[in-house]
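According to TrEMBL:
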type     : residues : note
DOMAIN   : 165-290  : domain 'Type II secretion system protein GspF'
TRANSMEM : 6-25     : transmembrane segment
TRANSMEM : 98-119   : transmembrane segment
TRANSMEM : 125-143  : transmembrane segment
TRANSMEM : 274-298  : transmembrane segment
Amino acid sequence: MEIILYIIAFMTTIAIVLLINEMFFADKKAVKDRLEVFVDVESLPEDERAMRKSFSERIMKPSYEKLLQSISNATPEGLQEKYENTIIMAGSPKNVSFARIVAVQMMFSLLLALLLYMASSNGESTDYLIIFMGATIGFILPYRMIKVKADQRKEEITRSLPDVLDLLYVSVEAGLSFDMALKRTIDKITGPLSDEFHKALEEIRLGRNRQEALRAIVKRTGVDDLSTFITSVIQTEQLGSDIANMLQIQSTTMRQKRRQRAEEAARKLPVKMLFPLVFFIFPTLFIVVLGPAIIRIIDTLGSGF
């Protein structure tokens, strides 16, 4: 029985490694495949061309694609939409899809459950609660990693928005149109906000309506401050108001919000520091300060008796 569990754990580990390689290191493989099209110019029968492929390309890759398709078909639409929105807010990493994340969740959950089972099983009893907790952590962890990346990206966009609005205001005041000011601004900055505006300008250049392209930014990022700014831009355009005045007001408002968030974080800091102070710093401090005195008192009392 233990040998079977070890084999399953080994195969699951290999599958997880292959999935991670497919998600994050597939670019080199794609370049190699494109180059092979030009290298292999000889006309060979289809069977012989198929046999020249590696075992993973002939057997494992088709099975893997069928597994991903089965996962997509069996998953409720609401859960699938939630995962896809999180992936988009994380910046749509290459080769990361809903089905791949679920596949990693299932395999990682199985691997942790097997490892904890083998570690906790002592021949007499098995702690199934620990196994269940391990499987749950293994299932939650992959999605949580994508969610953390999405939250970090949203935080970076929120933090950089006031500076972008300042550059936009200066450019518009200098006489540029909003689109040209936006283009000059994203050429001077880097980060996810620059990438999103660049994507919107490309969509507008290809014929998409400006309002739709700007609203798509809100959907891809999920940042409330950016949503407020884009709504103001659309309303200003519809009403024919002064866009420079709107940019100045929005820039001032965003800077006030950023300062308020910093003050709120500073007020929360003492509460967050309480736990490490009580359980880590104070005990160490007491040992350093009172330790020698306690040792001397014990020696004195011991010699007195």
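Quick reminder: no glycine exception, Cβ is built from N, Cα and C everywhere.
Note that this is a predicted model, so its numbers are computed, not measured.
On the 0 to 100 pLDDT scale, the domain 'Type II secretion system protein GspF' (165-290) averages 89 in the predicted structure. The residues of the domain 'Type II secretion system protein GspF' (165-290), classed with DSSP into helix (H, G, I), strand (E, B) and coil, number 110 helix, 0 strand, 16 coil.
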